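Here's the structure, in structure tokens; my notes come after.
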């Protein structure tokens, strides 16, 4: 998948650079970091100027009476005005800040320059969040009541208009954040249109059928959002993953007589399988392909072309981005499915809940990224929480709660605190790692028979055989 051009260079701005008694006017692109512009600027003062910088640790750029400017930021990020004068000084002899004659003015300037000070960019974010909230309120109003056919028609028309607006915002006026808000809202309205529309066409349809139809509508809108707003491809990829994994149990519940908790159990198993393919899918989406393996001696002797360094670096970042987005989407779906699985009763349901949570905790150790690991740990923790709630709701006796719920929770808390001091940085012996891998494999294999038990397949087989 080829990346669309995301960075656009605006028209250049004119800045005056002063060095000693000399000054030059330079037209600089507003989207290029200041540090990348300095070599060209210094060359305007003569070739010896750059060499002189080595004697005093280089040059810095300052406004009069202010600290040196951050060279990693662009002129637009530094709020440099067209025609403004900047001063080049040796790093070891920077211009000293000007003392304040007016205390109130000085304090006011510090408040205005504070990182938490309100800025036009934050006003833009505030208005965009307000727009998203207003669209969400409209969505709730369409869900809450009214004639189903009319609500479905209004929601569908709104979804189409929002997608059209997102396309205009992304392609014509180049406002990716606004386009993302519109496309994301379109997914919600599309879900309402299809879900309520099915209810209007088939009033006797179950809620699983309506929700499954809504999930399909959201999937179609999100797929359109990916095509329309290329800047937010990662966001929509994660959303597509979450909705797709939630659609599976919804379709199962809509087309079978299974309880919603049993359909959620199947969905959890599906997410465990899908998680194995996430790294490969992320690699494919980044545009990278592995070379074909040799099949004979002649192919083994052929020289392989090296992959350019910058291509690997750029595509590697894209791979990590997609991996994070897909993993977060899968984790969100798993968290929801654990909650939907909570009404399931019986010993096998509790065991399956515990086994799946344990398997997810063990899988997390293979993930190197911080965000991606949390995306696995958080739903696993949700699974443990639902397990505790399941056991607590199943037994009302105080003694049982204290002995089998409260006490183990306290023991786990203390054990985690002790491990936090001893485990980080310590390497386990190889045989312990191998034992953990074997135990993880056995845990993964045990999910299927436990799932069949929760679905009452064994009872059905015994009833058929007699």
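Cβ atoms are placed via backbone N, Cα and C, with glycine included.
What TrEMBL records for 123-464 is domain 'EccD-like transmembrane'.
Sequence annotations record features per position, and here TrEMBL assigns transmembrane segment to 125-146 (among others). Tertiary neighbourhood of the transmembrane segment (125-146): same-chain residues 154-155, 158, 162, 177-178, 181, 184-185, 188-189, 192, 196, selected by CB-CB distance under 8 Å and a gap of 6+ residues from either end.
Long-range neighbours of the transmembrane segment (152-174) within the same chain, counting only residues 6 or more positions beyond its ends whose Cβ lies under 8 Å from a Cβ of the stretch, are 8, 135, 138-139, 142, 180, 182-183, 185-187, 189-190, 192-194, 196-197, 200, 217, 221, 224-225, 228-231. Taken from TrEMBL, the feature transmembrane segment covers 152-174 (among others).
Residues annotated as transmembrane segment in TrEMBL: 181-205 (among others). Here the transmembrane segment (181-205) has Cβ contacts under 8 Å with residues 128, 131-132, 135-136, 139, 142-143, 148-149, 151-153, 155-156, 158-160, 162-163, 165-166, 169, 211, 213-218, 220-222, 224-225, 228-229, 232, 235-236, 239, 243 of the same chain, all six or more residues outside its ends.
Residues annotated as transmembrane segment in TrEMBL: 211-229 (among others).
Within the chain carrying the transmembrane segment (234-252), a Cβ under 8 angstroms from the stretch's Cβ atoms is held by residues 180, 183-184, 187, 208, 211-212, 215-216, 218-219, 222-223, 225-226, 258, 260, 263-264, 266-267, 270-271, 274, 285, 321-322, 324-326, 328-330, 332-334, 336-337, 340, all 6 or more beyond its ends. The transmembrane segment annotation in TrEMBL covers 234-252 (among others).
Residues or ranges marked as transmembrane segment by TrEMBL: 264-283 (among others). Among residues of the same chain six or more beyond the transmembrane segment (264-283), those with a C-beta under 8 A of the stretch's C-beta atoms are 245-246, 248-249, 252, 258, 319-320, 322-323, 326-327, 330, 333-334, 337-338, 340-341, 344, 349, 352, 356, 359-360, 363, 376, 444, 447-448, 451, 454-455.
Residues 234-235, 237-243, 245-246, 249, 260-261, 263-265, 267-268, 271, 274-275, 278-279, 281-282, 285-286, 349, 353, 360, 367, 369, 371-372, 375-376, 378-379, 382-383, 386 of the same chain lie 6+ residues outside the transmembrane segment (320-341) yet bring a C-beta within less than 8 angstroms of a C-beta in it. Per TrEMBL, transmembrane segment is recorded for 320-341 (among others).
Feature annotation from TrEMBL assigns transmembrane segment to 371-391 (among others). Outside the transmembrane segment (371-391), and at least 6 residues removed from its termini, the chain residues within Cβ reach (under 8 Å) are 275, 323-324, 327-328, 330-332, 334-335, 338-339, 341-342, 344, 349-350, 353-354, 356-357, 360-361, 363-364, 404-405, 409.
Per TrEMBL, the feature transmembrane segment maps to 403-420 (among others).
Per TrEMBL, the feature transmembrane segment maps to 441-461 (among others).
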Folded-back contacts onto the transmembrane segment (441-461), same chain, C-beta under 8 angstroms, at least six residues removed: 258, 262, 265-266, 269, 272, 344, 346, 348-349, 351-352, 355-356, 358-359, 362
Tertiary contacts of the transmembrane segment (211-229) (same chain, 6+ residues out, Cβ under 8 Å): 159, 163, 166-167, 170-171, 176, 179-180, 183-184, 186-195, 197-198, 236-237, 239-240, 243-244, 246-247, 250-251, 253-254
